[in-house]
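J.: Have a look at this one before I ask anything.
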Amino acid sequence: MSSSPRVQSMNVAEAETRSTIGTAAKKASPFITHKAVSKSLRKLERSSSGLTGSDEKTSYATPTETLSSSSHKHTLNAASILRRHEQNLNSNLSLNASFSSDASMDSFHSRASTGRLIRSYSVGSRSKSYPSKPRSVVSEGALDSPPSGSETKKRCAWVTPNSDPCYIVFHDEEWGVPVHDDKRLFEILVLSGALAEHTWPMILSKRQTFREVFADFDPNAIVKINEKKLIGPGSPASTLLSDLKLRAVIENARQILKVIDEYGSFDKYIWSFVKNKGIVSKFRYQRQVPAKTPKAEVISKDLVRRGFRSVGPTVVYSFMQAAGITNDHLTSCFRFHHCIFEQERYV
């Protein structure tokens, strides 16, 4: 038996409904789905109303009349199913719309709270994220977050973070500071002469031994030291300098006493070469710092003439640097201006 036209219309409606729902799941427009369902529903309503009317009974006097009651019930069931589907679809559309509006409002409020409004894109589009540049936030003239890394003092190039601590202290507190005490000047002269055999870090590490051996560099006490005991085996002095240098220290103490008798103090004698005003070199780079200068050669010659030993131009210039007679701190060193200030105090 061939199928009834009513059954075919029902199947077509179901097929359209299935295809439409399947297409909607694949990113189809919800308005097209709603339109297709409504159209199918109207067709079923017209067919069902035609079955209940008297004219429809007379016009369709066919063998399918025996199945009119069952087809009528089946059609009504299909119509009710489509109505429920339409209601569910409408509710889903309204719910999705409310969710999307709520989400967009939440997104807007959250972005507005941060002070930035960002353009929102449609669902499914991928937005690239770019790293934001760091911003320094300033409040009341100070940084909110501490700067990265602690500030360190910039020193002369010959002082590094790996330098001996006593060497760093010597640079930061003594080197380049004007000295006007006779004992201190004599001590610096002896230590500068020791550079011919040792380095500054090694000399500074034994500085206390130097002071004990040479009676705190008092010339009057040094000239009374027994030279044989000083340079004898097992003497603490033998671990400091060679025999030649040890004898030079005793002889230089004698010559300093003569200078004191002539000038009143060794301080007045040595500072008279620069007219009591320290030399400011203003070097920018370490390679510009010389090993000796014409002024150091002049002082060296006069010391040698007076009977001093181990006082070459290089030793004298090291003495001038350490005693503050010349300021050889680099201009970028934090001690450069400090030493200038100390020099102005004695002018």
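Using N, Cα and C of the backbone, Cβ positions are placed for all residues, glycine too.
Bear in mind that the values here come from a model prediction, so they are computed numbers and not experimental data.
Residues or ranges marked as region 'Disordered' by TrEMBL: 1-73, 124-156. Positions annotated as compositional bias 'Polar residues' by TrEMBL: 1-11, 59-70. Annotation comment: TrEMBL describes 125-139 as compositional bias 'Low complexity'. Annotation comment: TrEMBL describes C156, H171, H329, C333 as Zn(2+) binding site.
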J.: From the centroid of the CB atoms of C156, H171, H329, C333, the recorded Zn(2+) site, which same-chain residues not already listed sit within 8 A by their CB, in sequence order?
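T.: Neighbours found: R155, W158, V159, W175, G176, D328, L330, F334, R335, F336.
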J.: Within 10 Å of each Cβ, count the other Cβ atoms and name the one among the binding-site residues H171, H329 with the highest count.
T.: H329
J.: Do any residues at least six apart in sequence from C156 (Zn(2+) binding site), in the same chain, have a Cβ closer than 8 Å to its Cβ, and if so which, in order?
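T.: Residues satisfying the criterion: H171, Q286, H329, L330, C333, R335.
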J.: Let me know how many other Cβ atoms fall within 10 Å of the Cβ of C333 (Zn(2+) binding site).
T.: 22
